[in-house]
Amino acid sequence: MGLHKYISKFILAIIYINICACCTFITKASSCNFLNEEKIKKDLQQIEKLDHINNNQKTTINLLKSALYFIAEKKTSNEKINEYQHIINNFSYIILKLQKEYNNINEQPTNIYQNLTIQELKQKIFQVNNQLINLSEQLVQEEDQLHSIYEALRLLPQQQVTIKHILHNLEQQQILFTNSNIEYAQFISFQAERSANRLKLVELELAQLSSNNRKELIKLKITLIKKKYNYTNNLLKILKNQLTHLRHKEADQTIAYTEKILKEQHDTLPKSIKIQLYMNHDLSLLITQQTQDMNNIILRQREIETHISQVNQVFSNLIEQSQWINKSPILGETLRSQVTNLPKKPKFQQLDNDMAQLKAKRLQYENYINKIPDLILNSKQDNELELTFIQKSILTKQLHTQRELITSLLNNYDNQILELTKLKLLYDQLKDSLQAVQQATHRYLFWTADICPITISYPRYVYQDICKLLTNHSFHNQIKSAFYMIVTNQSTLIPMIFCFIISLGLHFGARHYYYKFLETTSNYVGKVNQDNFLITFYNIWSTIFIALPIPILWISIGYNLNHTCWLYPIIVSIGNGMNATAFMLWIFITSGYFASPKGLFIVHFGWSKKRIQQVFSKNYFWSTTIIIILITSCVVFNHYNNREFSNTLGRLCFFILCMYLTYITINLKRSGLPLYLNKHDSSNNIINQSLWNIMIIAPIISAISCAIGYLSVAQEILIRLEKSLFIWVLLLITYYIIRRWMLIQRRRIAFKRSQENQGIQFITKHYKQSHSKHKLITKERPIIINNHKKFLDLDSISAQSLQLIKSIVTLTALILISLLWSELRFAFSFLENITLWDVKSTIKGIENIQPITLNNFLTVIVVIIITTITVRKLPAFLELTLLQYLNFTPSTEYAIITLTKYILMVLGGLTGCSLIGIEWVKIQWLIAALGVGLGFGLQEIFANFISGLMILFEKPIRIGDTITMRNFTGNVTRINIRATILTDWDHKEIIVPNKEFITKKFINWSLSDTTTRVILRIPTPIQIDTKKMIQVLMEIIKSSPLSLDTPPPEVYLVDFQQGLPILEIRIYTSDIKSRVPLRHQINISIIEYYKNNGLKLPCFPIYICKEHMTTVDFPSYNQNTHLNEIKPTY
């Protein structure tokens, strides 16, 4: 063994000598003239002073700055190399020096401050407090330095590989020294980088060699500082005790003097002086109480300091043993037990309340001390006479003493507030230390085995532990003693019995009224006149209330077991298990009530009764009982006696729980319970199937992990998965509750509209009966009043609202689940150590290597998913939250939504590219080259793309516009990046490139005004007066609800054909879609008028020539239309 030790030391000495030789060679080589820092700075300044700097000179400046950066890095490496060499060479001397200093410090200081006054003691306490603060800062710095050494050792192998890779690449390059400025700068930068990296490699090797020495030195320094801190802290205690003694002495003297005065002159003193004497007596007692409070605060500070030291020690152990944790499960289990025994996070609320009360009391006494001068002037005897000389002297002395007491009281309040502030800082420090331990636990212990894998002997071990647990006398004694303590302790037994009676009474007594309420309210659901959302609201809260008694009883029993029987570990563990399962028990009971035949799920949500009964069958009670018992058992075995039975019985309970959860999850999936609904409110989609498969596979994977030794990991992940499932189902129920409210509102609006329509039909019928004597039949006229009223599309609004609610609920679920899993983010820190590729980036002319890890790649995937979901859900979100409250046209809303989509897609793409190392600087030239090349090859596509952007900004066409292009007329339904989609009257979709709308002519019937003119030519019989016919036509026009009063309609005699007068009707309608219906109404009315008045519609004669067998049509009234009137094809 001794020979091996000497050989290892000899090898380390040879390595150290070689490193020192390399370091000396590199240092001498780097001192050549090429790396003269002053000369490089001078050359750089000369170039920067030039008025005009070209591209070559800019490159030269960047190269020289890079050389200066590497020279600075080389200096830093030299300093660290010298520091490491000094530690290695003088390690023994430094150790002896620190040990000598440690031995020279006494354990307890001597009390040499007995003769100091109160003021001198305060000054000395202030000085010692400053020394304590400095020592605390030194201790924190040394601990941080120790942690940085461990972290540097963890990253050191990767750094060495990176530096060697860089040096290998540099050695492959050959840059010759020439007289050219830019080549000279390249050569200088190359030499500086190579020299700096060589020194950096030597620095890393020396850091690895000296790491143990540096750790030993820092640990010894920490021990030395702690001893100094303890010595100074003890000195501070002595000073504070001396100050407390002096104040006690003053307070006792004041109390003695007050009692003496009261005893001697009790009958002769007036009431005003007695009040001041009693006041001084109370102030003295209050100062004594302040001293006790101050001692309690100091004791609390020492306790927190002890906790901080304990937490820091556990953190150091985690860091030190992190590289050996994977080697042995026992080491991981030991570290986990240390983490479990750490103190809990302190509560700041009580501390803040105490500080607020002290500040209020201080302000009260500060106001009182200002009133003391008035007491001397206003004090009188009981008979309202002036005080005697002796009485005034007594009062003056008492008020003087009172001023001193209140001044001392105010100083004590200030000291208390100061000490509480220090305590609060210690609370913060403890909280930060606990968070650091938690992060380190997740980083180093999460993915490590905490128990041994299952072997063939596992059933025998389980049997032995069951026998050990049942036959252990200590276990039986704890059960008996705890039961006896609960029964005999009246302070806990009576409230427990009272809670038991009330809980069971409420549970069984209120059930009858609850089911009666469900039976009554179920008859109202679905009826328009009786249904109300308050029924659902009362159903939910009554169910929550009726499900509370048993969980309250359960948690009260667990609380009593946990706090009353704290001397017995097995009882405390059982109490912890009951407390952990109380909320889950309440959820199970509440769900069972919701699934009753008249409950929320079936009656209010309309879920399938068969499926609900399949899930919440008669076995639901036993399933709930088994799950609660198994979870309670797992908690008990995890907390009892440092996890003594966790390897056997705890693993067995968890394994059974996983199998049972898998069985239950499969039944839930078969019942058709949805976890995700698509836009059609259907659960038949791939996302829903994937979520259920994950929840089914998760317990199986947890059971396998438990079998191979990863019990804690399996439990933690399974718990968070089940909590995630609970959050998801809870928000799904919330969605159905909101959906029911929207359904009720929709039914009410539809019912109200139905009543309004019935009223309108009644008025129309009455109008027809009272005006039947008129010759003109005007069917549509009475309904004109309500015809222009804008009704909301209930189906569209309901669908959009549900889509928005679904998006909000999904987003809320994702946020809550992300917060739930964010505590384990440090457990996945190993992803940062998996490097996929390296990316070179230039910052201020300095080229750096940035590793792209698996964590970056997964983050990019998350960014892409979030961007995709946001872009898809954006239209409904903007429409229902913002755009509907703004006075925008549909086309403007479409343009805003489209541009916002493009912006989000660009931002998401740039963010994803930056995370994987694709910067804009690297791809801008590629994009420029592709832009030139594609500009020629894909000219039309780019022209359509730019035209699409111009359409969105300029808006020559908008969504819903009716346009005519060439011989085609249709409505604009969508404007995409490349083309616009039109839908004609036959519901055929035509795709038109965007370029056509920018470069070609077309007609937009609704660009600025949707009003359009319709022209009809009507032949008139000869025997009818033309003026009377014009009046009849005007009445017919006015009777049509589709015609507009402004601009007014016009009727003119425009032509004679075959001896018949031709009247031209010019009428206006509000929409192009009303042109044909308007023509139809006018023509039907004219035909009915002719028929009712015994007139025949005139027609033009047709002449047939037998020789040529041709038909000659004379020009009709339909052919003489104006040339500038373009009629759309319908």
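The backbone N, Cα and C atoms fix where each Cβ goes, glycine too.
Here TrEMBL flags 118-145 as coiled coil. Here the coiled coil (118-145) has long-range neighbours at 218, 221-222, 225-226, 228-229, 232-233, 235-236, 239-240, 242-243, 246-247, 312, 316, meaning same-chain residues at least 6 beyond its ends whose C-beta is under 8 angstroms from one of its own.
As annotated by TrEMBL, domain 'Mechanosensitive ion channel MscS porin' applies to 44-272.
Residues or ranges marked as domain 'Mechanosensitive ion channel inner membrane' in TrEMBL: 500-837.
The annotation domain 'Mechanosensitive ion channel transmembrane helices 2/3' is assigned in TrEMBL to 898-939.
The domain 'Mechanosensitive ion channel MscS' annotation in TrEMBL covers 941-1006.
Taken from TrEMBL, the feature domain 'Mechanosensitive ion channel MscS C-terminal' covers 1024-1096.
The transmembrane segment annotation in TrEMBL covers 493-514 (among others).
Residues or ranges marked as transmembrane segment by TrEMBL: 534-554 (among others).
The transmembrane segment annotation in TrEMBL covers 620-640 (among others). If you look at the transmembrane segment (620-640), the same-chain residues 6 or more away from its ends with a CB under 8 A from one of its CBs are 569-570, 572-574, 576-578, 580-581, 584-585, 588-589, 592, 646, 649-650, 653-654, 656-657, 660-661, 664, 715.
Residues or ranges marked as transmembrane segment in TrEMBL: 652-670 (among others).
For the transmembrane segment (690-713), the list of distant contacts is 329, 336, 445-454, 646-647, 650-651, 654-655, 657-659, 661-662, 665-666, 668-669, 675-676, 721, 725, 728: same-chain residues at least six beyond its ends, Cβ to Cβ under 8 Å. The transmembrane segment annotation in TrEMBL covers 690-713 (among others).
Feature annotation from TrEMBL assigns transmembrane segment to 725-744 (among others).
Among the features that TrEMBL reports, transmembrane segment is placed at 852-874 (among others).
Residues annotated as transmembrane segment in TrEMBL: 894-918 (among others).
Per TrEMBL, transmembrane segment is recorded for 925-953 (among others).
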Among 44-272, 500-837, 941-1006, which stretch has the most Cβ pairs under 8 Å to the domain 'Mechanosensitive ion channel MscS C-terminal' (1024-1096)?
500-837
Mean of the pLDDT scores, which run from 0 to 100, over the domain 'Mechanosensitive ion channel MscS C-terminal' (1024-1096):
84
Residues sitting near the transmembrane segment (534-554): Cβ under 8 Å, six or more positions beyond its termini, same chain?
499-500, 502-504, 506-507, 510-511, 514, 517-518, 521, 524-525, 578, 581-583, 585-586, 589-590, 592-594, 599-600, 604, 737, 740-741
